Each structure stands twice: as C-alpha cells, then as structure tokens.
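All remarks here apply to the structure that follows.
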C-alpha cells in the first residue's frame with residue numbers, strides 16, 4: 001500500500017497569547033444578524049448579490065476576464081450553480097495570463113521555428129482546464145453563491161488557476177436541514193457526469209473542461225460539504241468524471257466535547273463558540289447533538305469506511321481559529337487512513353480571514369496551484 005504523504009506547516013500553541021474576546025453573554029443570533037421565526041425559518045441580513053455577466057440566450061459582450069452564468073441543475077429543489085469560465089474570446093489577455101510564467105523559446109533565424117512556436121501556443125491555448133466544484137461558507141445557514149464575498153473568490157480561482165469553477169447554490173438550513181445540502185452537492189456532481197456524457201453539453205464545459213480532473217472544494221461549512229461528498233464517491237457512478245482532489249479551507253466540524261483551542265478561544269471576537277453551536281443546532285437534523293456524523297468526523301457513520309478511499313487532500317487552517325485543534329485532529333485521522341494529505345497551519349489569523357485579507361486569499365491560491373499541479 002502506498003505510504004501517505006504529508007506536507008505540513010504548523011505554529012506552536014501559546015495559551016498565554018493575547019486574544020481579542022467578547023462578552024461570554026454574546027447573543028449568537030445578533031452576532032449573525034439573524035432572527036428565528038415561529039415556523040422555524042430564518043430572517044437573514046441581505047448582502048449585495050452579483051449578477052452573472054453572461055446568459056446562453058445572448059451573445060457574449062463583456063470583456064471581463066472571467067465569464068459567469070447561472071445554470072439550474074435540479075428543477076424540483078431549484079438548486080443551481082454559477083459557472084466561471086476564464087476563457088473570454090473578447091479578452092485578449094486570456095491565453096497570455098495562463099502562461100505568464102512560462103518562457104517561450106524562439107529562433108529569429110528560422111521561419112520553421114517561428115511556425116513551431118505558433119503551433120505550440122495554439123496547442124496550449126486549447127488545453128482543457130481542471131474543474132473545481134465549490135461549496136461556499138456560511139455555516140450551512142447563510143449566504144448564497146452570488147453573494148459578493150462568495151462570488152469574488154471564485155472569480156479569482158478561475159482567473160488565477162485557469163480553471164472552470166462551478167459554485168453550487170445548495171439549500172440552506174434550517175428551512176432545509178442536513179442532509180439537504182449534501183444531496184444538492186451530489187446532484188451537482190451527477191449533473192457534471194450528465195454534461196460529460198451528453199451529446200449536447202454546456203458549450204463552456206464541452207470546449208474547455210477536463211472532466212478527468214475534478215476537484216471538490218469548500219470553505220468552512222463548504223469544506224464540510226466537500227468532505228461529505230467525497231466520502232460518497234465509492235458509492236456513486238460519476239464516470240467519466242474523475243475526482244482527483246479534495247480542497248478544504250478551514251473546515252467546519254464539531255462535537256459536544258470542546259477541544260483545547262475551542263476552550264481557549266471560546267469568546268473569540270470573530271467567531272465565538274456559541275455561534276458555531278447555533279449553526280450546528282440549526283443545520284443538523286432535529287434533535288441531533290454535535291456528535292452526529294455530519295459534524296463529528298470521529299463518528300464512523302454511514303460512509304466512515306470510505307475515509308481511506310478519499311482522494312489527495314489539501315487542508316488549511318489558522319492559529320487563532322477556535323477550530324484549529326479539531327482541524328489538526330482531522331488531518332491526523334486522514335493520515336491514519338493513509339490518505340495523501342497536504343496541510344498548512346503555520347499562519348496566525350481567524351476563522352474566514354480570507355474574506356477580509358486579500359494576502360491570505362492569495363496565499364490560499366498559491367497552495368491550490370501547488371496542489372493542483374503536483
């Protein structure tokens with residue numbers, strides 16, 4: 001059996017580190033700007049939504065470097081995804097951006113060499129792109145694929161990594177408790193299979209997507225969804241789609257027993273533990289504790305036997321995130337099951353820091369680029 005590979009960067013815990021805290025009596029509903037209605041639904045704060053810049057019914061006129069359009073993949077549940085395409089025929093910088101760090105050899109004394117170079121450029125420009133199936137953050141209760149701070153990272157992933165990104169608009173809890181979001185994720189994956197096998201696939205996918213290089217990715221709760229989706233892979237037929245990697249940015253997990261970092265950062269200013277607790281209370285099946293298999297990866301559950309079958313996995317976390325110790329324990333679990341895992345825990349930050357710190361976001365893109373081309 002192949003030995004598990006691990007590339008890990010970590011920082012030392014310091015229980016005396018000064019941490020910004022809030023009052024222990026914080027109201028998690030107020031922190032999230034939500035209210036619970038008598039029927040069990042939520043009133044949520046509204047954030048700016050970004051419309052797609054393309055539709056299938058109209059010619060492409062935008063010169064933006066990344067094209068976007070929305071596609072419904074399940075009419076019954078109204079689940080949809082936003083497709084991000086980094087190849088815009090109206091933007092002359094597309095192919096140059098893709099290969100901006102590659103050197104082209106030329107011989108000014110030979111017309112033949114010039115022609116060979118032209119053919120090589122054309123070959124590269126026609127190269128099929130990896131697919132990233134992405135699941136957004138929000139504790140499974142908040143936000144949308146087209147919310148501005150979810151749309152912008154996906155645009156950068158497509159542009160900087162030169163990949164097709166499909167960001168899934170899954171159903172939110174508590175109106176649709178788990179496993180609804182997990183089912184939407186599987187349905188999105190099966191939609192990709194349909195596209196790969198269809199005689200009339202979406203033209204962006206048909207022309208540019210490499211269905212044999214699909215990555216499941218998520219941030220926070222979205223990483224939890226990506227993980228659960230990856231666990232189901234041995235039980236579903238997605239050929240000719242091949243999932244070759246799992247990318248988890250600050251994955252959200254939990255249990256009834258607190259970890260050391262959760263106790264130390266219980267009143268963290270960015271994400272106090274009572275907020276995580278509320279998210280799980282609203283997202284998990286009615287009457288479930290945080291030791292449910294959906295939140296606690298140590299509970300074997302329905303697909304626990306598939307952990308050792310996971311694809312190559314990238315995990316990122318931050319010192320300063322209450323969930324750090326749990327994320328590190330998750331990496332150790334993967335290693336015990338001989339999963340090839342790359343982990344980065346060496347930076348100080350807080351939960352979802354990527355959304356407010358562009359430098360951290362660009363570092364994540366660097367890790368992703370290294371992981372995808374490995």
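Just so it is clear, glycine is given a Cβ too, placed from its N, Cα and C backbone atoms.
Look at TrEMBL and you will find 1-11 (among others) tagged as compositional bias 'Polar residues'.
Look at TrEMBL and you will find 1-68 (among others) tagged as region 'Disordered'.
Per TrEMBL, compositional bias 'Basic and acidic residues' is recorded for 14-33.
DSSP states for the compositional bias 'Polar residues' (54-65), grouped as helix (H, G, I), strand (E, B) and coil, give 0 helix, 0 strand, 12 coil. Under the heading compositional bias 'Polar residues', TrEMBL lists 54-65 (among others).
Per TrEMBL, region 'Disordered' is recorded for 83-123 (among others).
Look at TrEMBL and you will find 101-117 tagged as compositional bias 'Acidic residues'.
According to TrEMBL, the domain 'Alpha/beta hydrolase fold-3' annotation covers 132-352.
Predicted-model confidence for the domain 'Alpha/beta hydrolase fold-3' (132-352) is 97, expressed as mean pLDDT.
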